[in-house]
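The structure appears below as structure tokens.
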Amino acid sequence: MFEERLERVQLLIHSQKFNEAQKEIFDLIKENADEPYLYYLLSNIHYQKEQYQEADQLIDKSIALYPDAGFYYYFKACIKLASEKYSEVEPLLMTAIEIDPEEADFRAKLAQFKLLKKDFEMALHYADEALALDPENILGLNIRSTALMKLGRKEESHETITGALREDPENSFTHSNYGWNLLEKGEHNKALEHFREALKSNPNNEYAQGGMVEALKAKNIIYRGYLKYAFFMQNLSGKNQWIFIIGFYVVQKVLRTMANTNTTLQPYLTPIVFLLAVFAFSTWVIVPISNLLFRINPYGKYMLDKDEIKSSNFVGISFCLFLAGLIAYFVTKNENFFSIAAFGFIMMVPLGRMFDISKYKNAPLYFSVLMGTIGLLAIYVTFMDGQLYNGFSIIFLLCFVAYQWLANYWAIKSSNI
């Protein structure tokens, strides 16, 4: 009787009928208060509902009742990973492995965690260990393929992922993973095929949906170039990301100084400095601008989330202000209109990133609003007093400089665990 009721609970959870499942579990707990698996099932429900604190408390009950079960430590590690409490993940997985060293899933999850930490060598190491225990482990195969791709071993990566597809040809996660690997290699058309297959198996697969959007946008050669840069930065550690950003800034500054002080080199250096400035600016605005253009696609507007649509709208408005200010300036020769053009041009940067994921919650949004308010005040003072360079315009420009460093800080913090 207990087993039958347990099977019903598992079926309800699988069908995401969580309220019914919880009611059944509570009834079972009344009769079997010391059964650790029941608390795990409750924990799993809260985990799927993204209620991580409750999930954590419940899995602790399972561990207290059965401390020799490695699976409960493994599941607690999954909760910690989802709730971004990264320092606790690895010790829990190591405990699970110590208790049950023959369980491949535990090592595959540790490999996944190492991959997220950008420790690609160790990710490959633990993935290989998982596959030594279970050559058909899907997560192990996927992590091994991605780790090999990040390490530049593309042929081995391809062999591994095709092996994963042979094991489970309709696995949505594997197709998604393969699609992202192909996208990183620059093969956007092949990537599209795998994202389509992933969404056939699971239309709600957000990993595949995001990949599909990027692959479609990659049909544009300029966006393909940006993706190469984005993947390059993504694969760097936080420390190396800062080295690249600061190094780029220093090189640009040195070249600009040399161009201004050396008339012989000036004709050669000025175009380089200009191109570097264009490249730097484009990395800030290319995503929202591409989203704006992507909405022309009949299906594009359905594949972007609300924040992406809002951001692209604001960038579009900002660009229109830039053009209007510029046209008015050239037509009237009134320098006051240049303040509108400058405002529209500069605001494309924060408005394009104001909904970016950040560990500091709404910091990008609040800073964008602050900059916008100061910029509008600067325009008002300019038209009232006729002074292009006033107190508010200087603060606005300082905020713009500060924003670039803050935004890089937020992005690096969010992309490194």
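From the backbone N, Cα and C atoms, a Cβ is placed for every residue, glycine too.
The repeat 'TPR' feature in TrEMBL is assigned to 36-69 (among others). If one looks beyond the repeat 'TPR' (36-69) by at least 6 residues along the same chain, the residues whose Cβ comes under 8 Å of a Cβ in the stretch are 6, 9-10, 13, 16, 18, 21-22, 25, 28-29, 75-76, 78-80, 82-83, 99.
The repeat 'TPR' feature in TrEMBL is assigned to 104-137 (among others). Beyond the repeat 'TPR' (104-137), the same-chain residues lying 6 or more positions past its ends with a Cβ under 8 Å from any Cβ of the stretch are 70, 74, 77-78, 81, 86, 89-90, 93-94, 96-97, 143-144, 146-148, 150-151, 167, 235-237, 416-417.
The annotation repeat 'TPR' is assigned in TrEMBL to 172-205 (among others). Using a Cβ-Cβ cut-off under 8 Å and counting only residues 6 or more beyond its ends in the same chain, the repeat 'TPR' (172-205) has close neighbours at 138, 141-142, 145-146, 149, 154, 157, 161, 164-165, 211-212, 214-216, 218-219, 224, 227-228, 231.
For the transmembrane segment (271-294), same-chain residues at least 6 beyond its ends with a Cβ under 8 Å from one of its own Cβ atoms are 213, 216-217, 220, 222-223, 226, 229, 248, 251-252, 255-256, 259, 300, 303-304, 308-309, 311-316, 319, 348-349, 351-353, 404, 407. Taken from TrEMBL, the feature transmembrane segment applies to 271-294 (among others).
The transmembrane segment annotation in TrEMBL covers 314-331 (among others). Beyond the transmembrane segment (314-331), the same-chain residues lying 6 or more positions past its ends with a Cβ under 8 Å from any Cβ of the stretch are 285, 288-289, 292, 337-345, 347-348, 351-352, 354.
Sequence annotations record features per position, and here TrEMBL assigns transmembrane segment to 337-356 (among others). Long-range Cβ contacts of the transmembrane segment (337-356) within its own chain (Cβ-Cβ under 8 Å, at least 6 residues beyond either end) map to 281, 284-285, 287-289, 307-308, 310-311, 314-315, 318-326, 328-329, 364-365, 367-368, 371-372, 375-376, 378-379, 382-383, 388, 393, 396-397, 400, 403-404, 407, 410-411, 414.
If you look up TrEMBL, you'll see 363-383 (among others) marked as transmembrane segment.
Residues or ranges marked as transmembrane segment in TrEMBL: 389-412 (among others).
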